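What follows is a single structure, written as structure tokens, with notes after it.
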Amino acid sequence: MRKPIIIGNWKMHKTTDETIDFLKQVDNVCHDLKLESGIAVPFVNLVVAKQHAHHLIIAAQNCHYEDFGAFTGEISVEMLQALKITHVIIGHSERREMFNETNETVNLKAKKILAKGMVPIICCGETLQQYENNETQQIVETQIEKALQGIDFEDAKTIVIAYEPIWAIGTGKTATDEIAQNVCAIIRAKIANLYDEVVANMIRIQYGGSVKPENIQELLAQPDIDGALVGGASLEPKTFLRLVK
């Protein structure tokens with residue numbers, strides 16, 4: 001049985017004080033959940049978030065694939081590990097669209113994260129045009145295959161995949177339960193093809209894209225959806241608690 005995992009992706013939101021205030025309201029309530037829950041905070045809030053989170057996962061929103069070097073503005077996996085960060089989001093569509101993230105760099109990051117004993121949350125998803133052109137399966141399968149290239153069976157089992165149709169991120173549009181389930185099933189079948197059924201049945205697949213308390217139960221009821229990567233709805237303590245409870 002795969003344990004559900006819900007991660008709030010704060011993107012570029014919340015100051016240090018706002019982060020502390022959020023965790024004071026939320027963290028203790030999350031001590032006895034039947035799922036894993038957490039928040040991916042901006043880099044500058046990772047330290048304070050770790051100090052105030054005792055039950056929530058604190059995740060990073062990105063990393064670099066090199067250990068160190070002349071990469072102004074970047075953060076290495078080793079730096080995150082030193083802060084006891086356990087999960088890192090990579091390949092988010094906003095990183096791909098605005099910051100030139102590619103399938104190849106996602107793969108390099110995934111390997112580095114796994115080498116440090118951490119969990120990559122690998123994002124994939126199609127644009128509205130690709131969706132309307134019936135290219136979803138091709139796009140998502142390619143993203144998954146390239147992201148997992150060279151990753152062995154044991155490491156692959158620990159990975160989290162987040163399917164986020166780009167046309168549903170921050171737009172208020174949500175893929176129907178059926179659409180979300182169909183694509184997540186495609187992802188699991190692709191993983192089985194790349195590895196085997198054992199690995200495919202161990203990897204957790206999240207859905208992301210305008211997830212909110214009103215639709216999360218229906219999404220999580222789908223057989224191949226094991227959690228959610230939540231954007232805007234994760235910013236307010238009361239709404240976040242409704243999502244995870």
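Cβ atoms are placed via backbone N, Cα and C, with glycine included.
Because TrEMBL annotations are produced automatically, they should be read as predictions rather than curated entries.
The candidate list GLY69, GLY170 contains one residue that TrEMBL assigns to the substrate site with ASN9, TRP10, LYS11, SER210, GLY231, GLY232, namely GLY170.
Geometry remark: GLY170 (substrate binding site) versus GLU164 (active site, proton acceptor), CA distance 11 Å. By neighbour count, meaning other C-beta atoms within 10 Å, the densest spot among the binding-site residues GLY170, GLY231, GLY232 is GLY231. Across the residues the record lists as binding substrate (ASN9, TRP10, LYS11, GLY170, SER210, GLY231, GLY232), the two Cα atoms farthest apart are 14 Å from each other.
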